[in-house]
Structures are given as structure tokens and as C-alpha cells.
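Per TrEMBL, these features apply:
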DOMAIN    B:503-626  domain 'STAS'
TRANSMEM  B:76-104  transmembrane segment
TRANSMEM  B:124-141  transmembrane segment
TRANSMEM  B:153-176  transmembrane segment
TRANSMEM  B:233-254  transmembrane segment
TRANSMEM  B:260-282  transmembrane segment
TRANSMEM  B:323-343  transmembrane segment
TRANSMEM  B:385-407  transmembrane segment
TRANSMEM  B:413-433  transmembrane segment
TRANSMEM  B:445-475  transmembrane segment
């Protein structure tokens, strides 16, 4: 043994190999049940298990028994507040989705009730969301014209909503919620910002009182559509729009500055609607270029299960639309729910939320609602108004029901320009330029992803932006693996610690030894690169040693601490490196292989190739052994021959 | 300072931040020029630089001056040997690609000459490859029928070859060669095996003497096509086929067993062709159901640049086919070149090889050749015959030229069944079941990827197999990042070393301290998972401590040694973990953040949040500080209040 004389106190253990099925089971558990949702079921009597199971599936059963009148008072106030926002927002977003305004009101009635039973967030206010509405209009608008064939368009919208619900529920049931994680924060910031920009520009239609408008969503088409019709701009509409927009922005500004003013902010949209409607009613501005909502049907949601267009020739478009808006709705809703849950220190189960969202949209699609999720603005108002539980959603639904039953005629004179102002005010809040600056400062690649999403949405379409951002995010992960960083390590003076000489310039290289560290798993995607890179490290080090006249290189130590995994291509790569170093007369030494890696090196017999005695627990011990051998050779040149004969 | 009294000798350095452009430049260099190809150009006079540049672009300029007559003798023998293989294989594979047999001969003339000038491998024998031929037939066969409209099909084949060349050359020029690395070894084994299986089954057409046959490539269609025509099976053809197949397999068996017999193996295909042709000529078997090649045009490659069908309505299919066969050809060719270069200890530059392949195929597409690459079988024969340089390719080209000019009439009576036998014998060597067993033993996921590719090819189509395998490989990388492994660390007795308690069961947990290690970069894709997983580690540890009655948990140390990178989502996750631990009264401590990570933690002010004094260079030092604090509190309970007041 080459280092038999050197005292090596620690051995790298090869962990006992688990049976295949057992390791498969634990792998599947970590992948699909990382949060261990069945933990509380352990060691419980069967009756209790059934109760817990029901409570798990229908969270209202868990918290309803503990619900108090005190809570109800808070929820009542919060519920009425969000209802005052829900009514104008519902109508506005429905028009954004090219749907009749009444659909927006319907959508604030059934889904919140479903969510109140199944959802696990106490703060989320359910409602339609701007981005999904815009997406629906742009995707479905390509195959069905909402003005020429409103019935077909409406059917496709319900069908898309149904499939969005199916997708959401399935993701939750099959515990594939982590797919949503692939929409990174940077992606969502850029995507939302881009969608908000487009929505704002589109509202110029309402502000300027235009009747005809493009269905495209890129900035060029929209601006061309606006400026091609300069002769049709209506100043009455524009003046009204600017006034209301200023009012909304001012109230938001004060609402943000002082917490006590938050009511002003929350009530501003409803106030605008009321003021606008009274103004139009008194001045008969609807006859002077100010468009109004017109007749709204009284009554609750009609059933729409029979409207689901499964036989439509555009079914595939509806499914595709449903999947995309479903994912977007989930990503936004879960991010919003999680943020507020963090404030109040409770936990949200992503997969359970997905099932709740899915059920709510499937139920919605059968009761004349279109896609609902958890809009940030409404949830923030709910939170600020002091909601205690999902009962605030029930209160909101009741208020909307009351509106549907008795108050719809009041909206007859509501000017569209007020709705446009409400949308613009809400959208401006979604353009989060501060987050973009933060991304630029901290992580340039995240910034690129964010701007890719933004520019893709603004210049191309919502889907293009999404594809660009997701692709860029995935490329980042793949590049991390395909081009891992490698470092040369040195010894930090007066210690036994070895660290990258790049990060710690005080660290000294060890004479005759090159210590390398790799930052990523060794997979097929980087095996070739690493082989090249390691040989480049070796010849660069040899060049350096030659130029400084130091002792030649004798040992290559590979620190495997950061190598989390290896595959068969990676093992072949190590075998090739071993061959190469052998040929150059260098000794290849491993330090600290992790359990996953050492198991595979063992199975593939690479441990035998390299020699168990050349695998050390720490870099320090490996360096110690190498230095010992170097001195042995120096002080006794015959040892080289002796060791060579004994096949060391 | 909470640990002011504790002697901490080492500090984690935040490396000085590089200017953005500089770090971008070094990042791009690592990504696209990892092998530092311009290293030899450094510090050279301009005239030498020009010469080196030319030698870099046209490798023949580098080795030709050193070429000796001794080398030529070896290359001559090797070249004639591979020519004896090239002629029958060329004809056979052309029929596999549904092309006229003569195209196969043309393809062994021009491309080897181009490769001899530009290629950097000394062993690679250029020629057509079975899998790409099969792929071409199955993809182009969908839009143009090779029997009904041979001219259009031929044009598409040349066009696809041209685009394959364009893709290959561009990948090399833009240094994107690493894309080929994403076809892992496991993928290629499965894919080749599947393709070989299909090709073998398809040869039943030739063996059984069938005239009509399916163009589908899945096993069901092929077998149905064979068994639907049982009444058309020709026993004469079948007997002949079985005889030649046995002959070929036997010679291969002996060729492999004894190195001296390798000639027998190398010459067997040509011998079969000669024997088969003589047999048919003497017995006139072509009139009894044994199909023959028939007339072959005499003369060298006619130019075909004008045949490139850029205006064809199926141009997109040709481009798609070209890209896929181009990538497959590259992957096989480069893998083969690298393996043999390793034997002889010289280096192959992947990007340069791609340019050579690209040029060779672009030149080929203009001279009536279809896709060529570096087939394994022919290269192995070349290597065994003792080739010294690419001159063996030139010799082969010369031999093929001679065949084209004078010998084509001799192939008139060559029976197709012999060609089928040659293909089957070659394909059976590609079904590498030993590699599959090796994959199963060492890496189950690689096995799944391999079987996915195999079954996809066999049951679906070549493209489906490829898509399945590449997707599975990528999912593996994404899963590695999305579901990183986390470990609890313990102290190895009588040392200051901390290692995973799972891998080293002797390691002891430190009382009051939970040490966690994460195996992957913290990215958006795993930030949510890690947050959940860390809180699960904490409550599981608390449960364990409660049940054993040990001291409670006070410190969470996160060992960041294996965290190579972090993005903004990751930083938010750490901030949330910090908030959570604060709320539970736990102290969150970091150990050994790497340069990439500490830079970002610094920029995002997370270092200030956590406190610079709670970041340690090693786990050992972090544990030391924590234990020190724990004892301080235990021995002096007032210290807790004191520290709390002083905001520790």
C-alpha cells in the first residue's frame, strides 16, 4: 500500500445498499410528498383517521367548529369591503376577457363559496384576474369572434374554464404542484408587468371612447389601432377617464401612505362607479360619446353545464387556453396565498390549494362563471380590512348575490370609461419596477429572464413571453449542470481548512498537489466538459510550476464534497481522467465522496480501479497522505522504484 | 455580539465583486471555449499565428509534413480493408434509406476525401450509417414515395443532407458542440439498440424475398407486414439469407475471439457479396425469387447541387430530417472518434470535428452523396487494420473510385438477400445488451432512459424514442435541482469532521444543534421545496428530542458547502427560513457559503439580516460557537436576557 505508513484515521464508508424497491419508495416520497401530509394520521384510531381525512379534504370542517362571533364581525366588514371592489372589478375584467359584464358578477358568486369550503388560505379573496382574462380574450379570440358570434365564444370560455379546473385539480391530486415552481418569481414579475402594460394600453380604447379595436395584444398592433383612429377620439370620454384615473391613483397613494386611509383606497372603485353612473344619468352623456354598460340581466347565475362545448371544432384551443390560464391562475393564486399566510404565520398546502382552485373552476364553468383565482389587489384589501377566515369570501358572495338579485339596473348608466380607469389603476400596481431593479442588482440572469418575459409579452404575445421566460429559466438550470464551476483549492494558513484560492486569496497551494473542486453533479451533460476542464487545470498548473521553477505535479486530489450525484457517463469520465493521470505519472486521489456517489463508484468497481486507500474522508487527510509520500520519495529515492515494483 | 467571547479565527470572505462585463466575459468563455483552443496562439509572432490558424482550420496541414512512407504502408492496408467493407455496406445502407444503391457508393468517395483534410481523428472511417439511413427513409418517406416518385425523394434526401451539414458546421462554428452532450450514453445505447432491432426486422423483407413492404418503422407494422404476406415468402431467398448470415456471424465470432482472425471478419462482407453474386450468376437464381441489385451506372459522382430542392413544398420536412440525422450522426461520430482517440492517447476537438462533418456533408450533398458520419463498425476495422492517419480514408476513397469506374457491372448479380444479411450482422453488434445490464446495475435512472429510448423506437418511431430519451434525461437534471437531497450532519467521533449521519452511522448529532446540508443550488425550482423540507427537518428533530427527553433545539446550522449557486427566489427562501426560525426562538447559522453564494447574500443584504458573526468558515467552527453559547446560557441563565436586550 502506497500510504500504508501514513496514519489515516478515517475511512470513507460505502453505505449499505438499500433494496431497489425501498429506495424507489423513498425517492417517490421525497418527490411527491415532501411535506409529509399524512404525518398527523400516524398512530391514530380509525375513527379519528376518518375525521382527519375529511378535515384534510374539506378544510372548513376543521376550522368551522372553532369559529366565533368575534371572527364573524371582522369577516363581515372585510367581506363587504371586498364586495365593493368585486362588483366593479368583475364587470371590468369580464370586458377585458371580451365576455358580457354580467359574467364577471356571476364569477364573484359561486367560486368564492366553493373556495370557502375547500381552500386553506384565510386571506385569499377569490375573483377574476386581469392577466388570465386578457389571455383568454387573446387566445380564444383567434378562433371565435366575441362580437360576431358571442354564443360560440361564451361556450369556449366556459369550456376553457372547465379544463383549467380539471388541470388544476389533477395537478393537486397527483401531487404535481411543483410544476408551478418552475414559474420563478422573476418570470412572474416580468410576465405580470408585461401583461399589465398591454392591458393599460388596451384601455385607451375605453378612455378614448373607441368602438372598434384590435384583438392583437402586442404593443405595436395596439398603438397602431389607437393612432389609426385619431379622428374618432372622444374628448368627453377622455376627460372623464382622466378625472377618475387621477382620483383612483390619488386615493391609492394616500391609502398606501397611511394605514388609516386604506378604506379610502378600498372604496374608491365603487365610489367611482357610483359617481360616474350618477354623472352620466344626470348629464345624459351616453348620448355624447360616453359609452355605458347598458342593460344587465337580473337574477342569479344560470346553469351552464350544457354550454360546455366538448364537440366544438375548437376544443383543442379551449383545452390549450384552459391549461395556460389554469397554470397562470394557480401560480398567482398560490404565490399570493403563501405571502399572506407568511404574515399571519400559518401554513398553506400547495397541492390542497390546487384541488380547491380546480373544484372552484369546475363548479364555476357549470354556473356561468369564467376563470377565477386569487387576485393580489383584492386579497390585499381583504387582509387590510382584517379578515379572519374564508367567511369573508362567503360574505362577499352574499353581497354579490344581493347585487345580482336587486341592484343590476343601477349599473345601466355606468360609463365604460370608469371601468377602464379602474383597470388601469389596478394594472399600474402590477408593474413592479422596484422588483426589476432588485433583480438587476442581485442576479443578472434573473433580470434577463424577467425582461425576456416582459418584452416577449409586450412585443409578441402573452404565450411567447411565457415560453421565453420558462425556457430561459430551464436553460439556466441546464447550464448550471452543463457548465459547472471548478475551483483549485489551497490551504488557509494556520488551519487544516482547504478553500478555493479564488474566494480566499490567502489560501496557499500545496506544493506538488493540485486540489480541484467541482460544483455540480457529474452527469452526461457535463462529463465531456469536465474531462476537458480537468486536463486544462492540469496543464495550466504544470505550465505555472514550470515558469516558477517549483516542484513538479505529483497528485491530483478531487474534492467531491459538492458532487451530489453521478451517472454512468460521469463514472466513465472519472475512469478516463484516471487513465490520463496515470499516463502522465500523476496519482488521482478522491476526497469526501458523498453517499450517492460512493455507492455508484463501488458498484461500477471504480473504487477498485483507483484503490480504496486513495479515497479520503477530507481534503486535509488526502493532502497529508500525499505530502507524506512526497517526502518519502524525496528523502529516499529508492522508495519510488520500490513502490513501483509493488504496484503502488 | 452574541459570540464575541468565542474565539473565531477564520472569517468568510466576500470576494471583491468583478465588473459586470468582466464576469460576463469569463462566463461566456467558460461556456463556449472551455478547452481554451487559442492557448497555443499566445505569445507567438504574427506569421506563426497565421500558420497555426491554418493548421487549426485544416488539420492536414499540421500532420502532412510529418507523414512518412512507413505510415503510408499501414494506411494502405487499412484503407483497402475498409474499402472491402465500404462497398457492400454502402449499397446496403442506401437501400435502407430507400435510395438507389449507387448513391451508397458515391457516398464513400467524396466525403472521406473532405474528412481527410479537415478531420482531427486518425482512426475514424467515414461512411454512411444505418440509423441515419433508416431515419431518413422513415421521415422523408412520409412526404415523398421513393418508389413512385424517386426523383423527388432523391432531391429531398440531398436537401436533408445539405441541412444536416449546415447544422453540423454551425454547431461547430458557434461552439455549441455541447448540445450533443445532452444525448447521454444511456440514450445512445437505447436508441441504437432500438434502431438496430427495427432494421433487423425490416431486413426480413430482403431475407424472405418480399417485394411490397410497409414504410412504418414500428415493430407492430413491420411484423404485420411480414406475416400478412406469408404466401409470398420465397424459400430460395430465405435459405440463401440464413447461410450468409450464419457465415457472417461465425466469422465475427472468431474475429472477436482471436485478434489474428480479424481479417476474416473484415473481409467477410465482401466475400459474401462475391460468393453470392457468383452463385446467382451460375444458378440464375434471379429468375427463381432471389432479387438482385441489377444495373449500376458506371462513372464517378455526378454533381447534384442543382438537385437541392429549396423550393420544394416539403422543404420544412427536409430541414427537420436534416437536423435530426445531423445530430444523430454527430453524436455517434464524435463518440466513436473520442473512444479510439483515447486508445491512442491523442485529443479530439469536438467543435472542430463538427465543422469537418458539416463540410463533408455539405460537399456530399452537392456530389450525389447522402448523409455520412463515422460508423462504429468501419472505424473499428480501420483501427484493427492498423491505420495511422486519415490517409486510410483517402485510400478507401480511391478504391471506391476504382470500383465506380470499372467494377460496377460486377454487382449486377449481387443478391439483395446478401445485403440484408450484411445489415443484420452489423446491426446485431449494435444491440449492446451488456451495456444495458451495466446501466441497470449501476444507475436505475440511466436504465430507464435507455429503455425509454429503446421502447420508443421499437414501438413508436425513431423520433418518439429520441424525444422520450432526451426528455427523460432532462427531467433527471431538473429533478436533481427541483428535489435536492438534504442531510442531517453529525460529528465523527475523535475528529472535528461533520458528515451525514445517514452515510456515517457513527457520526453523533450535536445536542441542541441541527446541522443541515443541501446538495444542489438553491433555485426557483426548489426554493419552495427546501423551505418545506427544512421546516420538516426542524419539527422532526423537535419530535425526536421530545420523545427522548434531550435538550431542546437552539441552533440550525446550514452547511452551504455543496450549494454552488443561488438566485433571487433562493435568497427569499433563506429570508423566510430566517423569519421562521426567529419565530420559533431558533438561531439560524450559515457555514461555508461559496463565493457565488456569499456575493449574492451580500448584495441582497441577507448577511446583515443574519449577522456577519453568524456565518462561519466551517461547520466545526459554527458548532463550536453554538456550543459555547449554549453553555453560557446554561451556566448563567441571566445571559439569555442580557443577550436578548442587546439584540443578539
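Every residue gets a Cβ built from N, Cα and C, even glycine.
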Next item on the list: Would you mind listing the long-range same-chain contacts of the transmembrane segment (B:385-407), meaning Cβ under 8 Å and 6+ residues beyond its ends?
Entry: 60, 63, 67, 71-72, 74-83, 86-87, 90, 105-106, 108-110, 112-113, 115-117, 119, 121-126, 262, 266, 298-301
Next item on the list: With DSSP as the reference, give the number of residues of the domain 'STAS' (B:503-626) in helix, strand and coil.
Entry: 66 helix, 21 strand, 37 coil
Checklist line | Result, the transmembrane segment (B:260-282) in contact with the transmembrane segment (B:153-176) (3+ CB pairs under 8 Å) | finding: no
Notebook entry, point to check: Is the number of Cβ-Cβ pairs under 8 Å between the transmembrane segment (B:124-141) and the transmembrane segment (B:260-282) three or more, considering only pairs separated by 6 or more positions?
Noted result: no
Next item on the list: State the non-local partners of the transmembrane segment (B:260-282) in its own chain: residues 6+ outside its ends, Cβ under 8 Å from one of its Cβ atoms.
Entry: 81-82, 84-85, 87-89, 240, 244, 247-248, 251-252, 254, 290, 292, 381, 384-385, 410-415, 417-419, 421-422, 425
Checklist line | Non-local residues, at least 6 beyond the ends, that sit with Cβ under 8 Å of the transmembrane segment (B:413-433) | finding: 88-89, 91-93, 95-96, 130, 189, 192-193, 195-197, 199-200, 203, 205-207, 209, 237, 240-241, 244-245, 248-249, 252, 269, 272-273, 276-281, 285-286, 290-293, 376-377
Note to self: Using Cβ atoms and a strict cutoff of less than 8 Å, what residues sit near the transmembrane segment (B:323-343) while being 6 or more residues removed from its termini?
What the structure shows: 120-124, 129, 131-132, 135-136, 139, 160, 163-165, 167-168, 171, 177, 179-180, 183, 185, 188, 191-192, 350, 353-354, 357, 361, 371-376, 379, 383, 463, 466
